[in-house]
Amino acid sequence: MYRMEHNCSLWAFTFLMLLCPGVLFLTNGAKESNRTIYTGLKIKAADLTICDNACVIDEANCIPRFPYINPDFVNNFSCFYAPSEKSITCNWNIVSSYNEEMTYSLIFSRNILYSCPSIFGPLGRFNVTIIGRDNMNKIKLLSSHFFVLIETIVKTPSPTITSIHAKNTSLHVKWSINMDNTDWTIKQQQCEVHYRSTSSHQWSKVDVNGTSGNGVYTINGLQPFSEYSVAVACKAADYTYWSDRSSEVVTKTPENPPTKLLDVCQRVEGHRRLTLLWKALEDEDFRGPILGYTVHYKSRANQSLSRTFNTTNLKANIVLTEDEYEVWVTAYNTVGDSPFRLINVTSDTEHRSHLNSAVPSVRGIWASSQGNNMWVQWDAGNAKELISEFAIEWAVDGKPATSQWLRANSTTDTVALQGKLQPNSRFNISVYPIYKSICGPPKSIQATLEDGALGDIGTWDLASVTKNTATLQKKEPNVRDNSLPRITMKLNRKGNVQDFPVSSDEQYFTLRNLTPNTKYSVQVIAENCNSGTCGGTIQFQTLQFDIEDIFAITIPTFLLILGALVIFLSVTVYRSNFFPVIPNPSKSLVGKWLLETQHEIAPKLLQLEGLSALHVPSDGYYIQVKPSELSVITVSTGQTQLAVQHDYI
């Protein structure tokens, strides 16, 4: 009975397989999702066994019994063969109305089957059928047949990148495909070289043709000193499937030599002390780290006076003789040197003095700490049009090798110091004004990360007061660490407070637009003073009138009186000298009286004691006084004689 049942099953399966005697089963589970299930199976030939003219992994999957033929429950079927693994992988979609758990098997069949692995040979061709098994309801579904020609589904093994030679803008890539343990050879191949910068997620692709399973390609147009990831995928020219990408190889292009001139400024002061400052090159100029800088200088008059030295700083100090010098400054990296910047240092003292005075120092510099950051601020005053940029240098006190630099344009007056700042360290901070190739004198302070820059703001006193202004004068401060804090004047008038910032180097500060005859108080506050009143408070009262007001009133009055007096005197002198008064007897009362014929004259006594001899010209003169009767004295006045009576003669 068992033999008859087995033979019936075999004949049924044979009929369903269109009389194909060789059978191979591959199983895998898949769960239905909605109506379409995407699944796939992979098996190696070495894992197969023969079971009643069938090759199976599990003998329980020998010839299926009583399957239901449903050729439409599978679509989108495809397979590829991996020669290096000697495995075949098939994928398909399941379309079914069943919602139960299903497992699936693949049936590979052909006319002649000598062994299970033999169907995967270079000339292999077979049919593939899919069986779906519902273990709970004992339902089996059988798909239609899919014909497979093995040479058309071979998937090339993944290439191996054997070497990458990097130049500053290119990568020379070599790879190979290992087919040694297979029955396959590759005469013509197509490959894709994929590459990307490690800072980007987007890949670029280049198509390359090669032979004999080896390939080579040079990727051009890359950035110097940059990391790139490279991978390769290939397929034989007559194959359908591309290989998987090779493992990614990360490599880095070397840097370019610096190609840009350094931006250098100079300053000569004292006994021919030359200070050179230069700006660090931007990374895009060379795409790599600068190892240092080379400074070479020589005298034009004496060729033996020359020297060359290297430094990692952005500043150099050189002591020269009175000769004229030529100075070269270059930057270098592992590849080479940049073009040199030439600086001519003349022996003309007047010319040097003019250069030194061309760019003034900043007026004040301050530093303040905010957490782990330090901010530096400066005041360029009215010299901003003479400054093109600022150079900020800071280093740990006593350790010049820790020097760091920062550049800021002419419109900036505040920067945050970059880099890690060591706590509990004192920093020397300097600000250099720069105009083209001329360095101005630096202004320097010392500061700490904990306290910023601290200093004494000095004592402020009232210097002068008017009705609209008050001027305060600062005594010489006791500067600590060569730093000056920022100062604010708080002007208070009956609770109305105004703030006035003061530059640290100002010795006088004038408050303007004040109200006359009004009481004010001024509070001087330092930036880093915890008490808020480090400079004390000054009280004053504006004047009712200024000296100018008094002058404005008295001077015009005085000038008016003086002018009137001058006019009066000038008129009097003018009339007395040019228009004297001539008496007119006819207009005179005395004259009219004298012309009268008779006059009654009251007798008068002559007081002899009232007389005195004033002048006696010479001997022989005397004075006689006697009473006189009416006597007539004839006075000739034309035709008239007048009779005059005198009391005394």
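Placed from the backbone N, Cα and C atoms, the Cβ positions cover glycine too.
TrEMBL entries are annotated by machine, without manual review.
Taken from TrEMBL as is:
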type     : residues : note
SIGNAL   : 1-25     : signal peptide
DOMAIN   : 156-256  : domain 'Fibronectin type-III'
DOMAIN   : 257-352  : domain 'Fibronectin type-III'
DOMAIN   : 453-545  : domain 'Fibronectin type-III'
TRANSMEM : 550-574  : transmembrane segment
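Model confidence over the domain 'Fibronectin type-III' (453-545) stands at 77, taken as the mean pLDDT rounded to a whole number. Shown for the domain 'Fibronectin type-III' (156-256): DSSP residue counts in helix, strand and coil, namely 0 helix, 52 strand, 49 coil.
Across the domain 'Fibronectin type-III' (257-352), the DSSP tally of helix, strand and coil residues reads 7 helix, 47 strand, 42 coil.
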